[in-house]
Amino acid sequence: MTRSSDRAFLLLLLLAAAAAVVVTADSGFSVMEEDLDEIESVVGGGLGKKQREFDYFALSLQWPGTMCNGVKKCCAKNGCCRGADTPQVFTIHGLWTDYNDGTWPECCNGPSFNPKEVEALQSALDRYWPSYSCSKTSNCHGGKGTFWEKHGTCAKPVILDEYNYFLITLNLYFNYNVTKVLNEEGYVPSNSEKYPVGGIIAAIENAFHLTPSVICQKDAIKEIRLCFYKDFKPRDCVLQTNRMVTSSESCPQYVSLPENMAMKMDLKDRNWLLLFEAMACCFLYLANEQGHMNKYILCPHFNTFFFQSKTTATSITEKQMKPSLPLLLVTTTFLGLFFLPISEPKSDSCNINLNLKVPIPFDITNLHCLSVWDSQSFILRYVQTSRNTWSFILSTPYTNSYIAMGFSTNGGMVGSSAIVGWVISGGKGGGIKQYYLGGYAPNQVVPNKGNLNVVANSTFITLESNHLYMVFQLQTTTQPLSWIIFATGSIGLFPQAPSFALTKHLDKISQRIDYSKAKLGSSQGDSTSNSSSSSSSQANGNNGSNGSLSSQEDSCGSNLNLNAPLFFDTTKLICIPVWNTQGFILRYYESSPNTWSFILSAPNPNSYIAIGFSPNGGMVGASAIVGWISTNGAGGGMKQYYLAGTTPNMVVPDRGNLVILTNSTLITSQSSILYMVFQLQTNQPLSRVIFAIGPSGTFPSSPSFALSMHQDKFSMTLDYSTGSGSLSENPSMNLKKSHGLLNIVAWGILVIMGAIVARYFKEWDPFWFYFHASVQSLGFIIGIIGVISGLVLNNQLQVDVSLHKALGIIILVLACLQMMALLARPNKASKMRKYWNLYHHNTGTVLIILAIANIFYGIHLGREGNAWKVGYGIVLAILLFIGFLFEINMWSSLEEDDD
């Protein structure tokens, strides 16, 4: 018993270490202090040179796939070694000051670098300005030079201090999003695809009106540089210099954007792999105890190995089998139940009672509650606390950026007034202010101004349980404006004294709220959002869209007065605003039996607009009407497209399932508004409707009329009889639940029951064998169905669940091996039987461990919440408790036999 106790103790120590590493890893790769130390260590001594003023700026961007491939040395500051934090987009290399003759200044006169000056930006610098090397940077004046002292000091008189140098660089990086432009044109990371370098340059030219410099390493893009005048207006880069494209760094005709394999794994996946490695090490340790195996077991991620002498036993009996199954299962279950909840922020919802640690200056017992932005988990609580006073509490998971809530007259940002709050990570301060959005430029977003009458001493923001809670009260004689805009800022960027300038939002959505009924109306957003259940629409996709409407707006309250002749009576049209931030208005009615007439209007986005009819709410399989008119007078057009797949070559023009009446299509532009008119011959059009706009400046053109990927889209379910919209039902929801239930029952319940019977009921021969074989066979059959349903679900959703899928396939393979082993089971008298027993036992153990972990991981990926985790955890705990009791009983019997 002493040896087994020692081994159990070592096992628990290893698992505790694994859990500690996993939880620590999940908390993020915060290298702020290390980065500050590194930045501080690479600055010079302030011995600048007197040099002439520079001519232009060059923003240098690095591609991490090229920079990281081949990296062999890891350290705290190396961005290639951050697992899930390894960048997946172009990142900043630096902002250089250059001369037109191809030379450049460096190490100019200026103050020494002070890391405290950029503490407020450090999170953004960690994320968007990483280092891809462990080597020291180049020497500047006898010391070690870096960005500010080597380059920033030469930016005078445009940039005078280090904070503005880094802030301006970050703003340029966000405003000139090269990754987004290239992705929209189909230039995506790939280890197999090659792209024309001329096409990449043209895409950037069209988007930003500048010619970039592209630098390659062999045939892979290493760097792209964007150039700017000293007022930060774009200009072409100087190409024939030693700084830019040289013969040694020139690009071939076709280049690649290689993937960095570290990008493939998100942080959760990395943590689970660490956990699996710990389990594998424990399994090998126990197996080593039972047989003649290697002398040591290596656990590379934990830098740990266990020395183990070969056992002197020459044979292994079943009584000598160690209690690995219950011990490992209990430990795995413990980690599975508590690991995910620990690593995830505690969620807020309208079903949770608000219980803040700080005092709130109004009664919170009668608060109305709405889930206003599901994809960002924004929860809004409000109440009219007195005749002229309205109280608000906005909560959201902490994202290391600001959050904002604006009140708008029309759903647009311009002209709105917003309450903005932030808390800097690490307890380095925070704030809450009103801003007036006078325009789109940063200098038009004015702090401490606005039309909101904020009650004195009513505003505060607090961070509790990794959630931000922003509290404020408004004094108004009427209801607050019903159009509300919610936004989040860029990660790591906060308003900073003395200007408190607000950087451009990273994501936003606008909602229309009925205060008296506590319900949502239409919702539109910049990014993929799963709108709340009371919302009428679902938005997706454009981080760069400002969501405003044209100065010439169409609305359901205005009379339709087109200059072009229409082919049907417009007085009976039903009108519904379907996408307010993009200004989409849909009018329709059944103008005659089996004939439906439609007019879709939207501000001209200088691209195409589209309306699609889908059988299931998804784009694939839908048929769409697409129209466009160029703002420069280059012409326009209107076509039907069939969406056969997600790639551009599978979007086929002049094909589709819509029966369009001859000569019924028309697209016209009037007062900067596009009006797309068409008639369909059908009993009733499909109710699931998709709307989209294309990227600005991009139009279908002859001869192919290929459709570029949409810039933004949203979907809704339309009730044609009432003219109301509702959230499109997810067609994959039932399949997702079936997939989860099938696999839980098969791998997470039946297989465990079969293992318990096989281990503890062998004296009930042959009952135990038939029960074991029957239950495992049933679990195997149900499990196959569950895995197949998962593959179908993955194909429908088209999401990256590579780790979950890989584990499922591994589990299925192990199950197949177990079933084949049953057919090859040696006779009890055979000398091979003991080895077969060892193989069968340990393979089953690994299968069950992986199955339990993958079930919890699948629940996490499905975002089904803690209810599924707790429900399955209770069932699993009951099974394990029963197994634990049987295990104690078995070992007690063994001790009595030994005595």
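Each Cβ is built from the backbone N, Cα and C atoms, and glycine gets one as well.
What TrEMBL says about this one:
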COMPBIAS  521-552  compositional bias 'Low complexity'
DOMAIN    376-498  domain 'DOMON'
DOMAIN    582-694  domain 'DOMON'
DOMAIN    701-895  domain 'Cytochrome b561'
REGION    520-552  region 'Disordered'
SIGNAL    1-20  signal peptide
TRANSMEM  741-761  transmembrane segment
TRANSMEM  767-794  transmembrane segment
TRANSMEM  806-826  transmembrane segment
TRANSMEM  838-859  transmembrane segment
TRANSMEM  871-891  transmembrane segment
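The stretches the transmembrane segment (871-891) and the transmembrane segment (806-826) are not in mutual contact, being linked by fewer than three Cβ pairs under 8 Å (pairs 6 or more apart in sequence).
Remote same-chain partners of the transmembrane segment (741-761), defined as residues 6 or more beyond its termini with a Cβ less than 8 Å from a stretch Cβ, comprise 325, 329, 767-768, 771-772, 775-776, 778-783, 785-787, 789-790, 808, 811, 815, 844, 847-848, 851-852, 854-855, 858, 872, 875-876, 879, 882-883, 886-887, 889-890.
Mean predicted confidence for the domain 'DOMON' (376-498): the pLDDT average there is 88. With helix defined as DSSP H, G or I and strand as E or B, the domain 'DOMON' (582-694) counts 4 helix, 64 strand, 45 coil. Helix, strand and coil counts from DSSP across the domain 'DOMON' (376-498) read 4 helix, 64 strand, 55 coil.
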